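To start, I am sharing the structure in question, which I have written as structure tokens.
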Amino acid sequence: MPCFDFDLTSRDGKARTGRIRTPRGDIRTPAFMPVGTAATVKAMMPESVAATGADILLGNTYHLMLRPTAERIDRLGGLHRFMNWEKPILTDSGGFQVMSLTGLRKLTEEGVRFRSHIDGSRHMLSPERSMEIQRLLGSDIVMAFDECTPFPADEETARNSMELSMRWARRSREAFGDRSGHALFGIQQGGVYPGLRAASAEKLREIGFDGYAIGGLAVGEGQETMFGVLDYAPDMLPEDKPRYLMGVGKPDDIVGAVARGVDMMDCVLPSRSGRTGQVFTRRGVLNIKNARHQDDPRPIDETCTCPACRSYSRAYLHHVFRAQEIISSMLLTWHNLHYYQQLMSDIRAAIAEGRFADWQAGFHAERAEGDVARL
Ligand SMILES: [Zn+2]
């Protein structure tokens, strides 16, 4: 079986392009991963997700372990076959959602005991159990089990949490074992404290991973604080491995993260927003439910080649959103995912051609113009 590999192909400042090679196909970086929480990217057929240009999806361990369960997915041939997505899949460790979605939980050195938010049933997640679930799912990129340090956290709290995550990182590495063609990523913690981020990075390097994530961000700290951490945190991680910023983000978060050396990101924002009528364009965000669109025969974006923009007017999209028709979620999600993948493609081209700073200035200038004038 071919191995998991990462080649850096170009650099421009701290920004980089590269290619992650997996047995299920290559991932062009910087990459944006749409989120397929419950074995589906909501409102999208898998082939449509692929058509937007996505090379990889993210699946959620927490949701899948509860329903339909990892064991059932394994019996049915694994997550790729189950959800009809043959390209790579990254799964998170479940740690973040256990902490954010469950009310009753108990955290110990061993792991986290909790009750399902669906039916109250009792479960346990530990580094070993998380590795087992991600193996049963057949995930291509497995994430180490960690505790996402809450924000804000004082330095002592952040230190204790980070040190626990590093002990769990070692247990994750041991439980993962040697699985050719599959990768295990470690997760840097340490909150907003440079010394803790450095200690975490050193510990992760010592254990050795196939890639490194920057955890504990995009948890309500705001863009300025996040960029403050990203000014130094990615530089602490090995240069020759992919760097993954978890749970990010808005288009301008993505651009700022790439400028600081990040290679991979994921976020529910484009798909979730597609269901709430929020539309991303190169001229910023617009809300399709706004009355200004009801007589507008123009597409969302004249230059966008997605099905929503090619064949439908703002007036139609406004109407089906207002009427709560299912096609509204389908078309707006498709447009948003297409916009995000186009953004990544533009970013990769700009870096490869050594004009990322200019491209970035143009990106911000175009957004500052705002939506096209009302008819
Ligand atoms: Zn479009």
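Glycine is no exception: its Cβ is also placed from the backbone N, Cα and C atoms.
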From D140, D146, D253, grab the residue that TrEMBL records in the same substrate site as D92, S93, G94, G95, F96, Q189, G216.
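Among the candidates, TrEMBL records only D146 at this substrate site.
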Figure out which of H182, H293, H335, H364 sits with C304, C306, C309 in the Zn(2+) site per TrEMBL.
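Of the residues offered, the record points to H335.
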Give the range, chosen from 9-15, 156-162, 205-211, 247-253, that TrEMBL lists as region 'RNA binding'.
247-253
I need the nearest neighbour of D92 (substrate binding site) among the recorded positions D266, C304, C306, H335, using C-alpha distances.
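Nearest listed residue in space: D266.
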Between G94 (substrate binding site) and C306 (Zn(2+) binding site), what is the CA-CA distance rounded to a whole number of Å?
33
Pull the DSSP breakdown for the region 'RNA binding' (247-253) and write it out as helix, strand, coil residue counts.
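Result for the region 'RNA binding' (247-253), in helix, strand, coil order: 3 helix, 0 strand, 4 coil.
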Of D92, Q189, H335, which binding-site residues come close to ligand 1, meaning Cβ under 6 Å from one of its atoms?
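The binding-site residues passing the 6 Å Cβ test are H335.
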Please determine which of the binding-site residues listed here (G94, G216) has the lowest count of neighbouring CB atoms within 10 Å.
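Per-residue Cβ counts within 10 Å for the binding-site residues G94, G216 bottom out at G94.
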